[in-house]
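Undergrad: Once you've had a glance at the structure underneath, I'll fire off some questions.
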Amino acid sequence: MRTDQSSQRNNSSGSEVSLDIPPNAIYNTSRDYIVQTEENEKLNCCTFTKDWLRQLSSNVFRKKTLYKRLPILTWLPKYNRNDFIGDLMAGITVGLTVIPQGLAYAGIAGLDLQYGLYGCFLGCFIYIFLGSSKDVPVGPTAISALLTFQTTHGLWQKAVLLTFLSGLIEIAMGIFRLGFLIDFVSGPVSAGFTSAGSLIIFTSQLKDLLGVNTNGDTFVDMWFSIFGDIHNISWNDAGLGVCCIVVLLTMRAMAGMSFGPKEGKTCWQKFFSTLFWLIGTSRNAVLVVVSAIVGYYLLQADIDIFRMVGYVPKGLPQFQLPPFTMTTITNSTSGEVTEVHESFTHMVSSLGSGLIVVPLISLLENMAVVQTFANGKPCDATQELIAVGVCNVVNSFAQGFRGNGGIARGAVLNSSGVRTQLSNLYTGIIVIVALLYLTPTFYYIPKATLAAIIMAAVIFMIQYRVIKPMWRSKKSDLIPGLATFVACLVLPLQLGILVGIGINILFILYHAARPRLRVETLSTSNDIKYLMLTPDRCLIFPSVEFVRNVITKQGRKSTLPVVIDCTHIYGADYTAAKVVSTMIGDFEDRQQKLYFFNLQPRVAQVFESLHKDLTVLYDMNSLEIKLSGKEEDHSKL
């Protein structure tokens, strides 16, 4: 390879280095390298494995790693009275919120209501030790419940197995540091998925609000079943549900009300501001209690005008292994009883893409909570994967279905003055108390009330506000967002999000295959004109042919020397080297000069493996000498 100065030889390792960087050259790129000695080459596989295991164990059992993987060791020694009061109030507030939500989310998942509460206490206890954020309340969410339904179709055995397997997958993702996978779910894709999921959840609750069927796995199927059964609408339930939604929205507005000035409030102003906030925050619990009381007195008076939740088993769940096999008994129209046994393999295969989508969306939801309330602090996705994964594995032994951090409960937790992860303890205790003593009262809760709680919450999950900023900043971002939204409505939700991610990846690959090249006609101090082409990224096989065509096209338009500014080319592969070799040959055939400016050494070595005749320059002075031809004249002398 030709350079602007004479080549130097390095004989210390018996190899010839054909790349020379002048001492006065401007070269602002990485000089990282790996030294490989003969001793390293003689290491056998056993020795290498032994050294790797020794290094791994030294990293795992370091004090720093222990504190990172058990965050409780960081905050517990500094725990004080103020932390206790803050966590107690926040935990109780979230506990009052999570009970009605747990009941309602079980309905979304197509399960009996007790399963919603089974997944609301053990995970809370585990997260105290492993969780990295004080603002994450572990429990079922609307999206996780919907994904559970579309993956398991309301079978509790498969729902519990999904909780177990998805937890194991999350733990494995954390161990192998795969938290970066959420980077492939862009903002537009996430917004489209969340908005579609909100509409599907809203539609699914019409069966309890109106008393009609909402069969089907997709948004379109649900509406077809609704229109087909609209004549069976229950006007009493519909009226109650609409009234409950209006009350919930009014109480939600109360939570943001403040009396008096921001500073210098009187005692009464502080009291009423706090009272309104408390009522608005615990609006779900207040509505459930009032509705249950009304339902109880109506039934006592033999006025059966609303459909009630019905019997909910009392007590804690039976702690046992997740169901690895199942037997379902169905009655045919002819009255024949059919018993179907499913093995573990068949159960896992029936979960399908849910085993991939559920952990991914769980991480997305959980990290959204962590990042929202992190206040600029770094967020550890690896630790959150491990923490939520362990929570779900343990939940599966209590027959609970999937849970993770939810943004709505996280906001309640944060606004309640939470101080540490110990707030989850009090939330879990409240759920246990409800299971032990309050389940008989759940019988009198109207189904329309629980439907209203969900519908009043999910309407605020529709992210229509992101459309205008996307349109102003980059209109093409609307394509994967809208495609995800439509796909999630037409297809099952887990397939819709995969379609959105796939389209997003296609956009990424397209941009990788079509880098931008800045084309400039410049002049030296001696008024010698040349063409400067500057690619904005590395040269790899998807993009190199495109770059070659652009350079060749620009070179044929004139007879000026062509200089390729390689400042931004930090990597190349064999395909790039092959194409560059062909391009150099084309320029030589046209007798047109081609120079590479500021080419990194490691990239130059890739190029020269197929074509030794490269001319690489590292400063403007050398470039001007080359373009003026003084070096050639001097060599002739």
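Any Cβ shown, glycine's included, is placed from N, Cα and C.
Automatic prediction, not curation, is the source of TrEMBL annotations.
If you look up TrEMBL, you'll see 1-16 marked as compositional bias 'Polar residues'. The region 'Disordered' annotation in TrEMBL covers 1-22. Marked as domain 'SLC26A/SulP transporter' by TrEMBL: 84-479. Among the features that TrEMBL reports, transmembrane segment is placed at 88-107, 113-130, 159-180, 238-255, 275-299, 425-444, 450-467, 479-510. Summarising the annotation, TrEMBL assigns domain 'STAS' to 527-611.
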Undergrad: Rank 159-180, 238-255, 425-444, 450-467 by Cβ pairs under 8 Å to the transmembrane segment (113-130) and hand me the top one.
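TA: Per the Cβ under 8 Å count, 425-444.
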Undergrad: Considering only Cβ pairs within less than 8 angstroms, which of the stretches 88-107, 238-255, 275-299, 479-510 has the most against the transmembrane segment (450-467)?
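TA: By Cβ pairs under 8 Å, 238-255 leads among 88-107, 238-255, 275-299, 479-510.
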Undergrad: List, by number or range, the same-chain residues at least 6 past the transmembrane segment (88-107) whose CB is under 8 A from its CB atoms?
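TA: For the transmembrane segment (88-107), the list is 113-117, 119-120, 137, 139-142, 144-145, 205, 208, 278, 281-282, 284-285, 287-288, 309, 312, 401, 409, 412-413, 416-419, 422-431, 434, 442, 445, 447, 450-451, 453-454, 457.
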Undergrad: What does DSSP give as the helix, strand and coil breakdown of the domain 'STAS' (527-611)?
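TA: The composition, in the requested order, is 40 helix, 17 strand, 28 coil.
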Undergrad: Do any residues of this chain, six or more beyond the ends of the transmembrane segment (275-299), have a C-beta under 8 angstroms from a C-beta of it, and if so which?
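TA: Hits for the transmembrane segment (275-299): 93, 96-97, 99-101, 103, 244, 247-248, 251-257, 259, 305-306, 308, 412, 415-416, 441-442, 444-446, 449-450, 452-453.
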Undergrad: So what's the average pLDDT for the domain 'STAS' (527-611)?
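TA: Across the residues of the domain 'STAS' (527-611) the model's pLDDT averages 84 on the 0 to 100 scale.
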